[in-house]
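K.L.:
I have a structure here, written as structure tokens, and I will follow up with some questions on it.
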Amino acid sequence: MTKRNAIILAAGKGTRMRSKLYKVLHQVCGKTMVEHVLTQLEKAKIDNIITIVGFGAETVEQQLGHRTKYALQEQQLGTGHAVMQTKDLLANEDGETIIVSGDTPLFTAETFEKLFEYHEQRHAAATILTSIAPDPTGYGRIVRNDVGIVERIVEQKDATVQEQAIKEINTGVYCFDNKKLFAALSKITNDNAQGEYYLTDVIGILKQENEIVTAYKMDNFDESMGVNDRVALARANKVMRNRINTHWMREGVSMIDPETTYIDADVKIGRDTVIEGGVVIKGHTEIGNDCYIGAGSRITDSKIHDGVKIISSTLQEAEMHNGSDIGPNSHLRPEAEIGENVHIGNFCEVKKAYIGEGTKVGHLTYIGNATLGKDINVGCGVVFVNYDGTNKHHTNVGDHAFIGSNSNLVAPVNIAKDSFVAAGSTITDSTEQYDMAIARARQVNKENYAKKLPW
């Protein structure tokens, strides 16, 4: 197999996006468009990848890191000019080079591999990736002769009525013999209405030189979808979302309503997990086997182990261990770690805290900056008072402790194992094992006093 190179065109600003964010950095299912392209090229085992940057160069480079080399296009003078900027990095290389836009996030590694194979088998100088468009309006058309050989690419504005009826379109992806690509680039001019150097002119030059120019027709038109505005971005998200959901269902995940299930590209989900409608799973979340994710849940960058049940709750950078459950309407914030077989009920919030195996936190509770041991009962309305107005402080609760309803644990404080906090207490001092802490005023009943009250 010959050496394979790739060029990603990512220098455009994308004014039609109407955004301060550079076009290729807009996200599709939780990953920037240009990163989608790069990931698929990596999967296709490309030897050498160069990304052409322009507007927002530093931001793009920060996003992609060392996964690719970079070439800078300081002036936006067309796609041909962009590829010329890779001359120092690529012109002397042997092999084949694929060129793809950074705003086409739906292409797959399989398509890139098939394009390379088709190109190499025919010993072509250039191969155009084409597709059949249901509505080809706006696309360049592929004009073939009577025996199916590619004659030229004609743009919409230049096409005759007969040519406009052609449904085979140019997807904007090309595979070139690398040496012949750069030889032809040296011959293109900017003698056109836009004053730009067009990559498509390379095709014409190669045809004039009687080089072999072919076209590989891919099956899935959706892959070729480019994103130039927010409408197209929404469409791309929908296509990618369907692809992601279909993948996980085929891997053994049940989705009650895939149309309303939103899963990012880097999420991982185990078998026999059930996901209800209206669920959003983002970032690098990992979900184990046999989990149940209830309607309306939102999970971001969290790790969910096997057999976990989440009902209408929000998790951010949290972890839930085997057999634990939460919800409805509770919130795990960053650095919350829930141990095995822990129950977190409704309207609870946990932040920067560890809750040990078998502990139960039923309802209406805030736990922040705390470590809780095993088999603790936390009653309704308990507040871990962690903030003194300046600093956050830590609370420790030992194994088998009992925290009565409507109690406040004022940090820093240590509730020893096997100790008991009476309901309604405000605890400011630590306890010893087997202590029962009561911190509330003694009740006084004043006879007949209610008769004096105005109500």
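Here the Cβ of each residue, glycine as well, is placed from N, Cα and C on the backbone.
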K.L.:
Look at the acetyl-CoA binding annotation in Swiss-Prot, where N386, Y387, A423, R440 are given, and name the residue from S330, S405 listed for that site too.
P.N.:
S405
K.L.:
Counting only residues 6+ away in sequence within the same chain, which have a CB under 8 Å from the CB of N386 (acetyl-CoA binding site)?
P.N.:
G368, N369, A370, K392, H393, H394, T395, A411
K.L.:
Could you round the CA separation between R333 (UDP-N-acetyl-alpha-D-glucosamine binding site) and A423 (acetyl-CoA binding site) to a whole angstrom and send it over?
P.N.:
26
K.L.:
According to DSSP, collapsed to three classes, what secondary structure does N386 (acetyl-CoA binding site) have?
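P.N.:
Coil, per DSSP.
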K.L.:
Which residue among the binding-site residues G12, G102 has the fewest other Cβ atoms within 10 Å of its Cβ, if you could check?
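P.N.:
Among the binding-site residues G12, G102, the sparsest Cβ neighbourhood within 10 Å belongs to G12.
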K.L.:
Using the alpha carbons only, what distance in Å do you get between N377 (UDP-N-acetyl-alpha-D-glucosamine binding site) and S405 (acetyl-CoA binding site) once rounded?
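P.N.:
Between the alpha carbons of N377 (UDP-N-acetyl-alpha-D-glucosamine binding site) and S405 (acetyl-CoA binding site) there are 10 Å.
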K.L.:
Whole-number Å distance between the CA of R440 (acetyl-CoA binding site) and the CA of G102 (UDP-N-acetyl-alpha-D-glucosamine binding site)?
P.N.:
65
K.L.:
At a 10 Å cut-off from the C-beta of D103 (Mg(2+) binding site), count the other C-beta atoms across all protein chains.
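P.N.:
Other Cβ atoms found within 10 Å: 27.
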